[in-house]
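K.L.:
Here it is: the structure, laid out below.
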């Protein structure tokens, strides 16, 4: 609604129209109906922006629904729009049915104005009551004043109607033109010096605004230039090595994109996040902050965040999607941080993205007037060296300020409010401060298994090549696990010949993969007749100076938070054109116009790899300095720093060498990647390779010993910091992502002795790793260490990205798991069937929690076999999957032969009456089950009858959960009969089942004969207030 703050997307416009349609009839606008639909009305009022809300206020004020005092109460700066909307609903409701009807009409008028602007009526310019007429015709006068506020203000000042101070207040840059017009009208209402009469007469003489200025020639010309510019930047995929020109359209493969769900809020268990398409980025419900403008996409390094934005840009430029935006401005955070001079919003958009050839003033004013048609994207926020803060406020779009202040205020909405912003970042760089200003957060989880295969087929169209690569990955689970990150899929594609010809085994660790790509580049840099079979010492030694130059540059860049290098910086690091020709440094993307082309590493992970290579082999790095790397930051500067305490390592060291200073200043998440690479390079697997390149084998041995000691000591310190267990409970550890990197580093070293030593120190009964970005590679590292535990552990990996490949990686440690929690991990039947095949032989495993995955009837036979074969298995939780009656019937067969299961969860599946019947028949004589959940399974009276027969026979079940089904009175009466014969059930949950007073009376009769049952839940059923009171008095065990 409204000019400057129109509805932010076509989807929201359509939703607002639907909501309005529900209230067009007067009979729908009673106070009772108005109050009943309060949440929808709030959504309607906030579906656009503050401009739309103020348009509604204009109409209500003009119709005298709101008094002047009411109106002033809605002008509290800084109040969230949702708060203002709720206050307006309260005010209108208190005024009666007529006011409620007028609010709906005002919303309708405001929306019509936003879609097809028009003037409403006319007024007498010589009215005897000018202030009253200004209010009566306020919507039309605001629109007429919109483009002429400056001129009218100047004229009013010249004639003495307003002071200079009042002019400055109205002209504050935080206000849009329509808001300035409203503030001028507000001033006229309270001034008795003729300003109202002047405005009423002068505004009538202003030209009628026939349409929004979006069709002006200068605007069309700039939009065309911007589309052409963005299209040119996004049409071709910038491959990591810069050696290929690939059309993005031909090679783009969708990643797994999920909206972040807040599992800590009250209410029913959240559904599994659906895999979203890119086109749903701005239309997904479930906002963290409805008043925010910024969309956040988080993902690990190499997960495809930049390519996702490139795809968005291309779809917009080609006119295929995101057409609600007329202007899209892409920015790279690693480029932005290089801007030392102060800049304004105008400078940022025009000088650093796309320059208007004509009409700069008009185009910039258009952007300010219609921010809802603007999209800004900021790629790589984790590479922006300035930490987010909201302390320094900057609201002027024309006044210059520092680049960090400008960016932070754009994200907060202090600048270009209602313009959409998309930010990509690694998770570790997103602070709680920033999340306050995030509208929606998405997780980019890399390729699915199908995505890996599709990408390889797009990259290799030659007959048989993709098939051979896919077979190789499927036979090599460690390599397959790495490839869920697109950067590794690119490496596999790039090195496909080396992988298919390799006889010594496929890469297992991240370091193995990066050494393989290093071999590929080195071999392609020498004549074909000189190429060796692999990365031998001679090949590496021949280019060692180049690799050390690149390593020195990489380390300096990490320490200075610099990821784009000028010619001067390359020269200072002694990087020669010959070094650049190796291919690891490429032209930076998104180069600032007018500047010389700087260079950057293929990817941030390559910069970390070369920094680790330098630390492993440079004679300038004393071994004792490595402690700074494993500190991951200044002492006490971050949770990671506290996790890895400063280590005292024997050996001489200067007061503060330059390498030490760089390591102390680098970002912790980059140091973690570097530390893992260093551990891999110093492993026994690669010892021979590095030893041939090192003049002093003793120095290399000292580095290796230092890395081992650092890892062992850091893990030991971390384990010792775990608080003792509460009396009667198992010792529990809730790990942080920093712990995952320690385990990853240990895995990169591939030393069983170190893994055993680490496992000995992990004396916990419950290891919790929720929300730790655990993917298949992390699963391999965890299994490498946990398989050596001496006591069984409950391993909780909820809300990660384990997937089928990760499940396969976990199998080596399944024997030491007494419980395995894998909720929300995108696991399918294939992964679970492999897990169960192994679990059949793991006597320790007694509990599986698999909520919110992608399980179907296809895994039912495996589940049934597990139940039938494992007579010490205690709990199976399958909530919110896709199990139908057929799957429930198969599982029931497994239950018939089971004598140990105590907890069985099926909520949110689709077992229906047939499935409920099969389960009930299997459980009638079951001697161990204590808890059964069939919530939300489309069970009716037939299923309830079968469950009632089960209750009549079963003597062990203590809790039966049947909420959100269709049991109704007939089913409840059957259950009541079963309760009369039951002696074990303590809790029966029947909320939201369309039960009336008749069904409740049957339950009351059953309760008279049953002293065991403690609670019967009946909330959300069909009872009047009088019936609720009556039932509650009859038996307090009824929870209504």
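Using the three backbone atoms N, Cα and C, a Cβ is placed for every residue, glycine included.
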K.L.:
Given the ranges 241-274, 275-308, 309-342, 343-376, which one is assigned the annotation region 'Required for CARD9 binding' in Swiss-Prot?
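P.N.:
Swiss-Prot lists region 'Required for CARD9 binding' for residues 241-274.
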K.L.:
Between 63-77, 78-92, 93-107, 108-122, I'd like to know which one Swiss-Prot lists as motif 'ATG16L1-binding motif'.
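P.N.:
My reading of Swiss-Prot: the motif 'ATG16L1-binding motif' range is 63-77.
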K.L.:
Which residue, of the binding-site residues 303, 307, has its CB surrounded by the fewest other CB atoms within 10 A?
P.N.:
307
K.L.:
Taking only the Cα atoms, work out how far residue 300 (ATP binding site) lies from residue 253 (ADP binding site), in Å, as a whole number.
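P.N.:
Counting only the Cα atoms, the answer is 17 Å.
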K.L.:
Long-range same-chain neighbours of residue 305 (ADP binding site), Cβ under 8 Å, sequence gap at least 6?
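P.N.:
297, 299, 379, 380, 424, 425, 444 - these are the non-local Cβ neighbours of residue 305 (ADP binding site), listed in sequence order.
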K.L.:
Can you give me the residues near the recorded ATP site, meaning same chain, not 299, 300, 301, 302, 303, 304, 305, 306 themselves, Cβ no more than 8 Å from the center of the site's Cβ atoms?
P.N.:
424, 426, 444, 446, 485, 486, 487
K.L.:
With Cβ-Cβ distances below 8 Å as the criterion, list the same-chain residues six or more beyond the ends of the repeat 'LRR 3' (844-865) that contact it, or say none.
P.N.:
269-273, 792, 794, 798, 814-829, 832-833, 835-837, 872-884, 886-888, 890-891, 893-895, 903, 905
K.L.:
Count the other Cβ atoms sitting within 10 Å of the Cβ of residue 302 (ATP binding site), across every protein chain shown.
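P.N.:
The answer is 25.
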K.L.:
Non-local Cβ contacts of residue 306 (ATP binding site) (under 8 Å, 6 or more apart, same chain)?
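P.N.:
Once residues fewer than 6 apart are set aside, residue 306 (ATP binding site) is near 379, 380, 424, 589.
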K.L.:
So, by DSSP, how many helix, strand and coil residues make up the repeat 'LRR 6' (928-949)?
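P.N.:
Grouping H, G, I as helix and E, B as strand yields 9 helix, 3 strand, 10 coil.
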K.L.:
When you rank 301, 302, 304 by Cα distance to residue 253 (ADP binding site), which of the binding-site residues ends up on top as the closest?
P.N.:
304
K.L.:
Along the repeat 'LRR 5' (900-920), what average pLDDT does this model show?
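P.N.:
96, rounded to a whole number.
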